[in-house]
Amino acid sequence: MKAVFLASVTALAISSSMAHAATEPAVVYDQAGKYDKSFNEGVYNGVKKYTADTGIQVREFEPKNEAQVEQGLRRLAKRGYSPIVTVGFNMTSAVEKVAKDFPEINFTIIDGVIDLPNVQSVVFKEHEGSFLVGALASMASKTNTVGFVGGMDIPLIRKFGCGYEQGVKYASPSATVLQNMTGSTGAAFNDPTKGSELAKSQFSQGADVVFAAAGGTGIGVYQAAKDEGKLAIGVDSNQNHVQPGTMLTSMVKRVDEAAYKTYQDSAAGTWKPGMVVLGLADGGVDWAQDENNASLITADMKTKMNDIRAKIISGDIKVHDYMSDNTCNY
Amino acid sequence: MFETLILMLDATMRVSTPLILAALAGLYSERAGIVDIGLEGKILGSAFAAAAGAAVFGSAWIGLCFGILASVSLAMIHGFACITHRGDHIVSGVAINTIVAGLTVTLSMHWFGMGGQTPALSGDARFLDITFPFADALQDVPVIGAIYSNLLSGHNILVYLAFAMVPVTYWVIYKTRFGLRLRAVGENPHAVDTAGISVSFIRYRALIICGILCGLAGAYLSTAHNAGFLKDMSAGKGYMALAALIFGKWRPVPVLLACLLFGFLDAVAVRMQGVEIPGIGQVPVQAIEVLPYVLTVLLLAGFIGKAIGPKAIGRPYVKERA
């Protein structure tokens with residue numbers, strides 16, 4: 001009842017402000033919201049940049065719950081917004097349904113795969129980026145034990161964990177990797193309290209570097225790391241600024257680029273449906289270095305990291321992709 | 001094994017603190033005959049006010065004052081609707097929850113412009129962990145050292161306050177004149193009225209205490225356990241507390257145990273993930289997640305027995321029929 005009410009209020013808010021809409025770009029964030037300092041905020045940064053560069057406003061929609069995703073999408077499509085960038089794996093089925101009903105509207109889905117003639121699916125080789133930060137984690141670890149905190153337990157997040165584990169084992173074959181998932185619903189991406197508890201549990205088991213691939217939940221993980229004087233690794237956006245001195249690095253995923261490019265290509269008429277896969281070689285994923293973590297990275301680490309990075313790009317190191325067979329045997 | 005248990009109990013203390021505070025808050029309110037489904041909203045409102053106050057003034061204590069103020073104000077709104085105007089307790093409580101869920105995010109967007117979050121707190125703006133004297137020295141003593149240094153020491157002041165509130169509540173409810181009247185108001189308000197005591201005044205006072213305790217719970221969430229406010233950060237703790245209250249049959253010590261059980265199951269769920277159990281292998285995350293709920297259902301169905309609440313609960317007091 002509450003959900004229906006909220007949905008209709010939001011729908012009203014959208015429709016009243018969209019009276020003038022022609023083919024304008026739009027974006028639908030996932031439930032963690034555009035200020036999660038991570039995945040959604042990355043997309044938001046791309047949107048902001050596009051608006052700043054071109055002066056074109058992008059219509060934004062933040063669903064309050066799962067039911068609103070499809071309603072919001074449908075409303076945007078009906079009003080003729082195109083292209084519509086949708087953010088996150090959890091939106092796949094909603095986008096698929098709406099895209100079928102509105103063949104003339106273009107959709108871009110980040111992190112999901114939909115095979116329709118009006119949908120572009122942007123996916124990333126997270127396993128490569130995670131491998132990199134995994135290697136760095138085990139170089140920085142004094143206890144030879146590192147942790148991983150995932151958000152929702154889905155293959156995509158397992159992919160981060162699997163890549164990370166491979167990276168850790170590459171740099172130190174005897175290392176232990178502790179892995180935890182926050183939950184099995186979308187809310188697992190916005191539960192910092194649980195994140196902090198999971199991190200503390202891993203610290204008590206000996207971990208001293210923890211990688212969170214958990215959206216807003218990560219904020220709690222980083223706070224716990226700071227409180228206990230351990231190191232943490234951010235995800236999606238460059239999160240080094242969240243806890244300077246605690247953040248070893250961030251596994252950046254250029255979702256901002258993906259959103260920006262969709263709008264840019266669409267305006268230029270070069271937008272194409274189909275799969276776009278962005279890896280280390282394309283600059284789609286990488287590890288973040290800036291003034292906030294400069295003191296934590298030694299010259300030796302940097303050299304080793306550049307070497308590993310080059311080897312992944314050249315194909316000398318093959319990183320197993322969890323999603324290719326849904327197992328982490330490498 | 002022993003060390004693991006200590007660490008799990010340590011986590012239990014942290015996780016169950018807001019539950020204990022909120023459940024005791026509910027105990028005062030419901031023992032006085034006021035159904036309080038608005039615990040959730042009061043916790044959330046206080047979490048926001050405390051984080052905002054702490055962020056602006058740089059002091060966790062000032063934040064706490066703001067948190068309590070916000071929570072007591074909400075409790076007074078509830079009282080005004082339910083006691084003075086004899087409104088439906090559930091409707092008023094749900095209204096408070098809904099208003100707070102929206103208002104906190106809106107206000108924080110307006111004030112801090114960070115999308116419903118407050119700035120991250122550090123240093124004096126948070127309640128930091130307290131290390132007991134000799135905790136480091138006793139660290140290596142077997143058993144006692146682990147219990148004293150790892151389990152009892154190293155929590156923030158609100159955790160100790162929450163546990164201290166249990167005997168205090170027991171004393172207030174069962175050993176003081178105020179407590180006797182409060183219980184009587186929840187069971188048989190007419191008798192209290194006949195004795196020449198104002199039913200409304202007692203109920204209002206119960207709600208003020210309820211507000212203060214919820215204020216502590218909210219401030220704990222945003223300025224002690226976490227470092228800042230996030231939207232919907234109470235995450236159903238108010239409802240969990242309400243369940244613990246019923247679970248514990250509206251009595252302080254059983255309520256404490258129920259809260260500790262919920263907290264412990266949560267800690268177990270965190271700890272059990274990814275652990276290989278001999279003969280079974282690795283247990284899936286989902287199976288562990290469901291464990292607290294399954295156990296709650298089993299315990300409720302099999303061991304606890306019928307929970308009977310205060311007799312006059314949820315009924316507005318009408319002095320005489322015209």
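Please read every residue number as a count from 1 along the shown chain.
Glycine residues also receive a Cβ, built from the backbone N, Cα and C atoms like all the rest.
For B:48-77 (among others), the entry in TrEMBL reads transmembrane segment.
Under the heading transmembrane segment, TrEMBL lists B:89-112 (among others).
Annotation source TrEMBL lists transmembrane segment at B:157-174 (among others). Outside the transmembrane segment (B:157-174), and at least 6 residues removed from its termini, the chain residues within Cβ reach (under 8 Å) are 13-14, 17-18, 20-21, 24, 27-28, 31, 127, 130, 182-183, 213, 216-217, 219-220, 224, 252-253, 255-256.
Positions annotated as transmembrane segment by TrEMBL: B:206-230 (among others). With a cut-off of 8 Å between Cβ atoms, the residues of this chain six or more beyond the transmembrane segment (B:206-230) that come close are 14, 17-19, 21-22, 24-26, 28-29, 31-32, 34, 36, 39, 42-52, 54-55, 60, 63-64, 67-76, 78-79, 83, 104, 108, 116-122, 125-127, 156, 158-159, 161-162, 165, 182, 185, 237-238, 241.
The transmembrane segment annotation in TrEMBL covers B:250-269 (among others). With a cut-off of 8 Å between Cβ atoms, the residues of this chain six or more beyond the transmembrane segment (B:250-269) that come close are 8-9, 11-16, 19-20, 23-24, 27, 30-31, 163, 166-167, 169-170, 173, 240-241, 243-244, 288-289, 291-292, 295-296, 299, 307, 309-310.
Beyond its flanks by at least six residues, the transmembrane segment (B:48-77) meets 29, 38, 41-42, 92, 96, 100, 104, 107-108, 111-112, 118-119, 121, 123-127, 204, 207-208, 210-212, 214-216, 218-219, 222-224, 228-229 of its own chain at Cβ-Cβ distances under 8 Å.
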